[in-house]
């Protein structure tokens, strides 16, 4: 998309004080925005790698071959959409857990301590759900911290994808994250159906403009409504950074009798979700991106309360009624869990979808981060994110003014309400490797998607306006060098 058109389409966002201010292009101005930032204190709650750390060849903290002040400076980490940084209190939480395990052994499952950070092992999942609920806009009973993202998608589809001879299709976006694609494809095959018949891919009208307009999504839903069992979309598209209109799409699909699920991997902790109010049937997400719970950390699920009810049997010997699912003992009613009578009665809500005893080690890492989110609100985090990513966009677009041989374009929607923290930059052909080399030289951490896209995601809890300004200076230099090499 051309920079002029992109600027014209920027709308519906917060006031941008820097839009018409020439001072916005100075480092001092960026620093002044940081000075006014009500969330700035959260930055010190995270461990931000130094330039020296990134260049280390060992993990030995005594390694001292790098000594310049520059190398001791913090890197510019704009990759929270891939892996969030470690909160400082993660170590404290995990050490408390290790201490409990060491001195209590199995009795740690039920023993309370006066100075505990979390309840006994047997109840840690409840602590995680309590802190997670406000982050995704859910009732506490509607969320569970469990498993991993793709595993959870399979578990949820086992419950919510109930194909019939009339309704058997699953609609997903054409460029869904590969693991989602694999999961949907394998679920279809599991039911002895063929993906070519039962898998509907929503593709953009123009491959050069990979945004899926809401109207296009609704048209595809209408086209396949009578034969579709499930709609499963990403809340935020991992490649473009597009934030879909969850409320509108969900209501439209449900009005056609379609069950609706959302992969919120790039949305949880990023945008102000309202999964309960939007009447979403189910959702799943990982917690290691914007929610900073560590590589492969424990994930989360949402099951709307209307699907989580457990009804008592109507008479003697009648079994309880609940939504079919793949069951495990940790999802069972806590009052009867340890009776070992082989009669499964699930907990109500999302907790009833749990299978095994959760990893208390992983749960501590999740809670350590969620505790920070619960010190503020997703509305406040989202407000800063809109401002921070808006500033990034403003500086990037300004760098293209008057440039005939444009080194990049922004493929993320210009409307701030249609994106999260991430901007996806499509580089001109042949520039990617050189640009990445320069960014690495200056200790800028972003990620790439071959063949020509880099994703830049300022995380509002630990990134600053000054870092955004620095990135834009370095990125402009990287593009200049890449163009010179190309010539």
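Placement of Cβ uses the backbone N, Cα and C atoms for every residue, glycine included.
The following features are taken from Swiss-Prot:
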- 149, 150, 177, 178, 179, 180, 234, 263, 266, 288, 329, 357: pyridoxal 5'-phosphate binding site (BINDING)
- 289: N6-(pyridoxal phosphate)lysine (MOD_RES)
Residue 234 (pyridoxal 5'-phosphate binding site) falls, by three-state DSSP, under strand
List the same-chain residues at least 6 positions away in sequence whose Cβ sits under 8 Å from the Cβ of residue 234 (pyridoxal 5'-phosphate binding site), in sequence order, or say none.
173, 176, 177, 180, 244, 262, 263, 264, 265, 266, 267
Whole-number Å only: compute the distance from the Cα of residue 149 (pyridoxal 5'-phosphate binding site) to the Cα of residue 289 (N6-(pyridoxal phosphate)lysine).
12
Between residue 329 (pyridoxal 5'-phosphate binding site) and residue 289 (N6-(pyridoxal phosphate)lysine), how many Å separate their Cα atoms?
29
Please list, in sequence order, the residues in the chain of residue 179 (pyridoxal 5'-phosphate binding site) that are at least six apart in sequence and whose C-beta is under 8 Å away from its C-beta.
149, 150
By a 10 Å Cβ neighbour count, the lowest-scoring of the binding-site residues 177, 329 is 329
Checking the recorded positions 266, 289 for other Cβ atoms within 10 Å of each Cβ, the smallest tally belongs to 289
Ten-angstrom check, please: count other Cβ atoms within 10 Å of the Cβ of residue 149 (pyridoxal 5'-phosphate binding site), all chains counted.
23
For the pyridoxal 5'-phosphate binding residues given in the record (149, 150, 177, 178, 179, 180, 234, 263, 266, 288, 329, 357), what is the largest pairwise C-alpha separation in angstrom?
31
Per DSSP (helix/strand/coil reduction), residue 266 (pyridoxal 5'-phosphate binding site) sits in coil
What does DSSP call residue 179 (pyridoxal 5'-phosphate binding site) in the simple three-state scheme?
helix
